[in-house]
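Asks: After the structure tokens below, expect a handful of questions from me.
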């Protein structure tokens with residue numbers, strides 16, 4: 001059951017990440033006042049595309065690897081890799097969320113006005129990409145918990161001497 005859930009989550013991440021990449025890379029809008037805006041103008045979006053590519057590639061390799069017996073026994077490899085990918089996804093998602101926040105609200109202290117009134121389509125597509133990225137991240141958080149369970153369930157719980165237990169009760 002756990003193996004099927006693991007495999008399904010890894011497969012689910014692939015289309016979510018690919019859709020995130022597609023929405024972001026094809027995101028562009030022209031404005032007669034401010035000019036042409038495309039995803040490559042914003043470093044945070046380029047970072048999210050890069051991390052989404054890593055995420056989709058790793059999810060594919062890991063999904064295939066879950067059915068190869070010699071690799072499945074390497075629970076620590078999956079545990080560490082799932083943690084790293086989840087953390088990378090958090091960093092890229094928060095970078096784009098910061099861009100979205102500034103695009104919608106601006107920053108009066110540094111005289112930045114909001115951009116989404118002028119680039120509504122661009123902001124909408126960026127929001128959709130962040131939502132898809134968050135769904136992929138949710139899958140990886142669950143995968144990180146599953147891989148942690150697998151990695152740590154092979155150990156016995158520590159034995160507590162009976163003397164220590166008696167002192168704690170007193």
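Backbone N, Cα and C define each Cβ position, glycine as well.
The topological domain 'Cytoplasmic' annotation in Swiss-Prot covers 1-4, 69-83, 149-170 and is backed by sequence analysis. Residues or ranges marked as transmembrane segment in Swiss-Prot: 5-25, 48-68, 84-104, 128-148. The topological domain 'Extracellular' annotation in Swiss-Prot covers 26-47, 105-127, and the record cites sequence analysis as its basis.
I'm curious about the neighbourhood of these features; can you describe it?
Replies: In the topological domain 'Cytoplasmic' (1-4), helix, strand and coil residues by DSSP number 3 helix, 0 strand, 1 coil.
Residues belonging to the topological domain 'Extracellular' (26-47) score a mean pLDDT of 91 in the model.
Packing against the topological domain 'Extracellular' (105-127) from elsewhere in the chain are residues 23-24, 26-29, 31, 33-34, 37, 45, 96, 99: each is 6 or more residues past its ends and has a CB under 8 Å from a CB in it.
Within its own chain, the transmembrane segment (128-148) has Cβ neighbours under 8 Å at 2, 5-6, 9-10, 12-13, 16-17, 19-20, 23-24, 27, 48, 52, 55, 75, 78-79, 82-83, 85-86, 89-90, 92-93, 96-97, 100, counting only residues six or more beyond its boundaries.
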Asks: Is the transmembrane segment (84-104) packed against any residues at least 6 beyond its ends, judged by a Cβ distance under 8 Å, and which are they?
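Replies: Distant Cβ neighbours of the transmembrane segment (84-104) are 42-45, 47-48, 50-52, 54-55, 58, 112, 114-116, 119, 123, 126-127, 129-130, 133-134, 136-137, 140-141, 143-144.
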